[in-house]
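Q: Features from TrEMBL:
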type: DOMAIN; residues: 24-106; note: domain 'Shikimate dehydrogenase substrate binding N-terminal'
type: BINDING; residues: Ser32, Arg33, Ser34, Thr79, Asn104, Asp119, Tyr229, Gln260; note: shikimate binding site
type: ACT_SITE; residues: Lys83; note: active site, proton acceptor
type: DOMAIN; residues: 133-211; note: domain 'Quinate/shikimate 5-dehydrogenase/glutamyl-tRNA reductase'
type: BINDING; residues: Gly143, Ala144, Gly145, Gly146, Ala147, Asn167, Arg168, Thr169, Tyr170, Ala171, Arg172, Gly253; note: NADP(+) binding site
type: DOMAIN; residues: 253-276; note: domain 'SDH C-terminal'
Amino acid sequence: MICLHTRYSRHEIKHMYQIKQFAVIGNPIEQSRSPELHHAFAKKLNIALRYEKILSEIPLFKATVFDFFKHGGKGMNVTVPFKEDAFLLCDVLTQRAKVAKAVNTLWSKDGKIYGDNTDGQGLVDAIHALNWSLKDVKILILGAGGATRGVVLPLAHAGATEIVIANRTYARAAQLVEDLQDFVTPTSIKACDLAHLSGKFDLVINATSASLSGDALILPDALQFSHAYEMAYGKPSTFLAQAEQRGIPYSDGFGMLVGQAIVSFEIWNGCKPNLADFLNLK
Ligand code: ATR
């Protein structure tokens, strides 16, 4: 309880009672699980906050973000299709956001907008929560779009020795490898054609949008792997069905969703919820 006499001005008291405001912005936004996750973290850690969904349109995005922070908003998550627009409006970016060229976490300090990308660290934390190692492993990532770009650096920093990016359109994988090469040392990074997959990997990550669009993704028998991670969740995945047939450990992307939310929460609130405590929200 706050004492109302002498020590605090009226303005200070009003400030103390103000609940911290957060939001996720996107289009569409109805499906977002972020408010539920952040409220669950806050409840567990005894923090008072309000986290809302904001539906925006492309021409209004920037003004909506500026308005949110101007009115005291503490932090904002950004989802499809605004992650690149968010990257462009930031005054200050973390290294992983610069490499990802996309921002999913915004906050404001001293009149400047800061941006980070927590997707990759969220994936790393989710994989560690499964007790799968990323140290000295060989990883194959399927897909060379924004989802892949966002996770390569944190996977390299987690200790992977080799990362191979395989894509249906080979040139996109080759371009991504060229863009990322200088940042991932000493991890080696290579491009490959999705149609010519072979070799042996500790972990295969599906970062294509195939499951989201309901397309089958058939992996050749010549490709051997011992763990499978699908970035999407809540949709049937031919990729995970093949992992199940092979009898290897596999996971969908719900842990990554929780993981990226936890990293954002920690940036904003200075304390970190335990990922494993929230996997039952699926
Ligand atoms: P995101 O930001 O989610 O990564 P994106 O940039 O559109 O979305 O990239 C989608 C990725 O999924 C691409 O690598 C795409 O391959 P192409 O570059 O060849 O288009 C890949 N993808 C989508 N559908 C696919 C399918 N049916 N089979 C294989 N790859 C697919």
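Cβ from N, Cα, C; glycine included.
Whatever TrEMBL says is automated annotation, not expert-curated.
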Q: If H, G and I count as helix, E and B as strand, and all else as coil, what does DSSP give for Lys83 (active site, proton acceptor)?
A: helix
Q: Which entry in the list of binding-site residues, Gly143, Gly145, has its Cβ near the fewest other Cβ atoms, using 10 Å as the limit?
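A: Gly145, out of the binding-site residues Gly143, Gly145, has the fewest neighbouring Cβ atoms within 10 Å.
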Q: Please go through the recorded positions Arg33, Ser34, Thr79, Lys83, Gln260 one by one and keep those whose C-beta falls under 6 A from any atom of ligand 1; give the result in sequence order.
A: none
Q: Summarise the domain 'Shikimate dehydrogenase substrate binding N-terminal' (24-106) as counts of helix, strand and coil residues per DSSP.
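A: Helix (H, G, I), strand (E, B), coil: 37 helix, 18 strand, 28 coil.
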Q: Using CB atoms and a 10 A radius, I'd like the single residue among the recorded positions Arg33, Lys83, Arg168, Arg172 with the highest neighbour count.
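A: Ranked by Cβ atoms within 10 Å, first place goes to Lys83.
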Q: Do you know offhand how many angstrom separate Thr79 (shikimate binding site) and Arg172 (NADP(+) binding site) by C-alpha?
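A: It is 23 Å, counting Cα to Cα.
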Q: In sequence order, which residues at least six apart in the same chain have a CB under 8 Å from the CB of Ala147 (NADP(+) binding site)?
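A: Same-chain residues close to Ala147 (NADP(+) binding site) (Cβ under 8 Å, separated by 6 or more) are Asp119, Ala207, Thr208, Ser209, Met231.
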Q: Which has the fewest other CB atoms in a 10 Å radius around its CB: Ser32, Asn104, Gln260, the listed binding-site residues?
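A: Selected from the binding-site residues Ser32, Asn104, Gln260 on minimum Cβ neighbours within 10 Å: Ser32.
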Q: For the domain 'SDH C-terminal' (253-276), DSSP counts of helix, strand and coil?
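A: Output for the domain 'SDH C-terminal' (253-276) reads 18 helix, 0 strand, 6 coil.
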Q: How many other Cβ atoms are found within 10 Å of the Cβ atom of Ser34 (shikimate binding site), counting all protein chains shown?
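A: Other Cβ atoms found within 10 Å: 23.
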Q: How many Å separate the Cα atoms of Arg168 (NADP(+) binding site) and Arg33 (shikimate binding site)?
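A: About 30 Å separate the Cα atoms of these two residues.
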Q: Once the DSSP letters are reduced so that anything not helix or strand counts as coil, what is Tyr229 (shikimate binding site)?
A: strand
